[in-house]
Amino acid sequence: MEAQNIFLYLLIVFLSLHFVFTTLKGRLSPANTRRLIRLLHIPIKSPVAAAIFARKDTREFLDSSIKLVNEEDDFGFSFDFKPYMISKAETINRALDEAIPLIEPLNIHKAMRYAILAGGKRVRPILCLAACELVGGEERLAIQAACAVEMIHTMSLIKDDLPCMDNDDLRRGKPTTHKVFGESVAILSGGALLALAFEHLTEADVSSKKMVRAVKELAKSIGTKGLVAGQAKDLSSEGLEQNDVGLEDLEYIHVHKTGSLLEASAVIGAVIGGGTEKEIEKVRNFARCIGLLFQVVDDILDETKSSEELGKTAGKDKVAGKLTYPKVIGVEKSKEFVEKLKRDAREHLQGFDSDKVKPLIALTNFIANRNH
């Protein structure tokens, strides 16, 4: 009976809001129309569907990803990271769900939602929120920025999986976006996520000075000084023999293709949180370390894990002849490099509040110890 009452209540609310929307639609500005559409979206999607998604898919995904971070590491550090990460991921998932309603063009929005709500560790948006709080800011100030970097990241995955790029059929254990919706819709949905990311970022409640800097950081991270440069170098290096390349080539690819957006995520969080120039620079150097760390671990996993364990096609880098750390220096030396990057990352966090720094240290351990 209680469930029926809840259903009737939601139905009444929805019909009432729908009447208001259809009555006022022609009289509203585009910005207010968009807000009203999102309001109509909330009763059906956010409290029910998004909450169920956040508790089920995200928890299951993180349960299988988080290992060792709740125990003491080699430095004697201990932090209960799992509830922290799940809480942040749920906040981000709800915000993403509200940001991308099921409206026309329906097939594009379905593809956008399929790609971005398909699970995932949410490392970049969590890094953005943690960096904001590290320098004394509030989570609410950085939530739009956190969503923006995840939209950009998802766009990059859609493009990366296309037949003309890495030609992958699996992502997060599910068929890739172009396999479900077709290449043309996948490309359009990626472009839509890119545009929406900047639109969403500009809705953050911060000063124009901080906003301009945040937009610049994000744009730089995905252009020819960031992600695009790394992807171009990655593609041009396919099939080269080990003697034809060096560590500097490999580091260039990883720092730009993977590290640039991780760096931007942290820096934008610190900027929005009101960090000093010295604090922002320390956060930037920390993020550069974990950006490279993330990709080195990715290279190791691609070499040592199965497709079932990874949730994506295993061994594809080796088959494609891509440059990876195991290919250039071997698996064991790659693991040693992981430990060095962990130490370097921690050093850049010295001088910050000991409690506020804990999530970032735990995130570093999570990235290093993840199994997919």
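Each residue, glycine too, has its Cβ placed from N, Cα and C.
Together with LYS121, ARG124, HIS153, the isopentenyl diphosphate site in Swiss-Prot holds one more listed residue from ARG94, ARG172, ARG213, which is ARG172. Fewest Cβ neighbours within 10 Å among the binding-site residues HIS153, ARG172, LYS322: this applies to ARG172. Comparing Cα positions, ARG124 (isopentenyl diphosphate binding site) lies closest to THR258 out of the binding-site residues ASP160, LYS257, THR258. Residues GLY120, ARG122, VAL123, GLU150, THR154, LEU157 surround the recorded isopentenyl diphosphate site, their Cβ atoms falling within 8 Å of the Cβ centroid of LYS121, ARG124, HIS153, ARG172, which are themselves excluded. Proximity to GLN295 (dimethylallyl diphosphate binding site), judged by a C-alpha distance within 10 Å, picks out none of the binding-site residues LYS121, HIS153, ASP160, ASP166, ARG172. When the record's isopentenyl diphosphate-binding residues LYS121, ARG124, HIS153, ARG172 are compared pairwise by CA position, the greatest distance found is 16 Å.
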